[in-house]
Amino acid sequence: MRVYLGSDHAGFELKQQIIAHLEQSGHQPIDCGAFSYDADDDYPAFCIAAATRTVADPDSLGIVLGGSGNGEQIAANKVPGARCALAWSVETAQLAREHNNAQLIGIGGRMHTVAEALAIVDAFVTTPWSKAPRHQRRIDILAEYERTHQAPPVPGAVG
């Protein structure tokens with residue numbers, strides 16, 4: 001599987017570890033930057049690049065990394081069609097795939113040991129999308145909002 005990766009300085013070392021792990025696992029990691037350590041770099045360009053390439057390649061996944069994974073997830077989700085979940089455990093990585101058909105996850109490089117992060121990555125890349133109708137319905141609602149910017153009706157709301 002192709003896996004696009006983007007990180008800033010805070011996720012740079014972990015990204016290198018993940019790339020090596022993915023290669024050893026038979027995957028095709030594609031580095032979208034940062035390409036060298038720069039303590040003053042900014043995450044948006046790297047995360048948007050990884051998300052753009054992931055969305056354009058339907059059979060791929062993506063991983064964005066920074067200090068917490070929060071800003072990186074936000075940046076990736078600015079790309080139309082991207083569904084990036086913050087994964088902080090094996091379970092959240094699995095649920096991102098099963099329930100949300102997330103194509104990307106954000107991981108905090110300062111939040112996990114290398115072993116923990118690799119377990120999250122493995123869970124993400126090996127967990128299939130459930131294709132459950134209730135989950136697809138929710139994805140469709142979000143896609144329609146993204147397309148039209150018209151919020152769905154709030155069930156039970158008056159007026």
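Just so you know, glycine gets a Cβ as well, placed from its N, Cα and C.
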Same D-ribulose 5-phosphate site as ASP8, HIS9, GLY67, SER68, GLY69, ASN70, GLY71, ASN100, ARG134, ARG138 according to Swiss-Prot: which of ARG110, ARG147?
ARG110
Could you state the whole-number distance in Å separating the C-alpha atoms of ARG110 (D-ribulose 5-phosphate binding site) and GLU72 (active site, proton acceptor)?
13
Maximum Cα-Cα separation (Å), residues ASP8, HIS9, GLY67, SER68, GLY69, ASN70, GLY71, ASN100, ARG110, ARG134, ARG138 listed as binding D-ribulose 5-phosphate:
39
How long is the line from the C-alpha of GLU72 (active site, proton acceptor) to the C-alpha of ARG138 (D-ribulose 5-phosphate binding site), rounded to the nearest angstrom?
23
